[in-house]
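**Student:** Handing you a structure now.
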Ligand SMILES: *Cc1c(COP(=O)(O)O)cnc(C)c1O
């Protein structure tokens, strides 16, 4: 049983894509972001299931990530690369037929010189100050870039998960200022941008986290379950302690279950005592510190010795676990370790 079983519901994934797709008009294309190995779930399987649901365009962070996706999808669907055309990427972009989102004049020059005629998009910086051409830079090369028929003009929102944040309208205005009147498809919104409404949809949306069941898409179906096998149990007398640093002490006789899985598997140490593992619907608190490969759990209140305990399940989804760890669902998902058996259902 190893370090536990990560069950990935491909039907829920597809349902989330369709639900996000329905939130925009029929004329708006809904792409799928599958960077970071499909948010930790397996980019190939995830991309295939999303393609079957109807996605025709996929986004990865760096060219290397395009390989697994191209392998899974075959030659048709478009695979776009957020980091653009970096030094050393040329061969991979060509061989895997990837579409770089060019982020600077330097990248544009590299692209047209090394891969003339190869498709590309342009990423514009509408205020996040992270990636993309800034307004003045764009103004200086827009004419040249547009003469080469870019496939997409895109930008990214910094605060889309906060609908009332003033940065949203500011970035929308900046993006329009840079792109209005140009005859090229445009994209601004990811999951949060879809939820901000039609002004933010343009021609193409790029959801990631919502597909995988995470906030801010509150209506998402849960995609992942993570079950950790119990390796051993211990009966403790009152006063005995558990784990590194002896931080947990039994105030009465207690039963501790040790499960396989720890911070090396993405169950980050910071979640500590606020996290729960579940036996069905019954929560069982973490007892003491999360170890590299093991978590100790107080199961004193259970009537039986469980064979396994769930750490991601209907009672505790990705965002609830993230909250216990003081982080966001994105980090929980993309930290999910390589030691789990990934079991795909549906699809
Ligand atoms: C990660 C990313 C997305 C997807 O964002 P979600 O919040 O996961 O929907 C879209 N666009 C860019 C540029 C990104 O980096």
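The backbone N, Cα and C atoms fix where each Cβ goes, glycine too.
Caution: TrEMBL annotation is automatic and unverified by curators.
Since the structure is predicted, the reported quantities are computational estimates derived from the model, not experimental observations.
Annotation source TrEMBL lists active site, proton acceptor at 35, 244. The N6-(pyridoxal phosphate)lysine annotation in TrEMBL covers 35. Annotation source TrEMBL lists substrate binding site at 130, 292. Feature annotation from TrEMBL assigns domain 'Alanine racemase C-terminal' to 223-345.
Neighbours and distances for these, please.
**Tutor:** Its Cβ placed at the centre, residue 35 (active site, proton acceptor) has 20 other Cβ atoms within 10 Å. DSSP classifies residue 35 (active site, proton acceptor) as helix under the three-state reduction.
Secondary structure at residue 130 (substrate binding site), taken from DSSP and collapsed to helix, strand or coil, is coil.
DSSP assigns residue 244 (active site, proton acceptor) to a helix in the three-state reduction.
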**Student:** Please report the distance from the Cα of residue 244 (active site, proton acceptor) to the Cα of residue 35 (active site, proton acceptor), rounded to the nearest angstrom.
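**Tutor:** Their Cα atoms are separated by 35 Å.
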**Student:** Which residue counts does DSSP give the domain 'Alanine racemase C-terminal' (223-345) for helix, strand and coil?
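**Tutor:** Breakdown, helix to coil: 27 helix, 50 strand, 46 coil.
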**Student:** Quick one: pull the CA-CA distance for residue 292 (substrate binding site) versus residue 35 (active site, proton acceptor), whole Å only.
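**Tutor:** Here the two Cα atoms are 26 Å apart.
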**Student:** Would you count the other CB atoms within 10 A of the CB of residue 244 (active site, proton acceptor), including those on all shown protein chains?
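**Tutor:** Here the count is 12.
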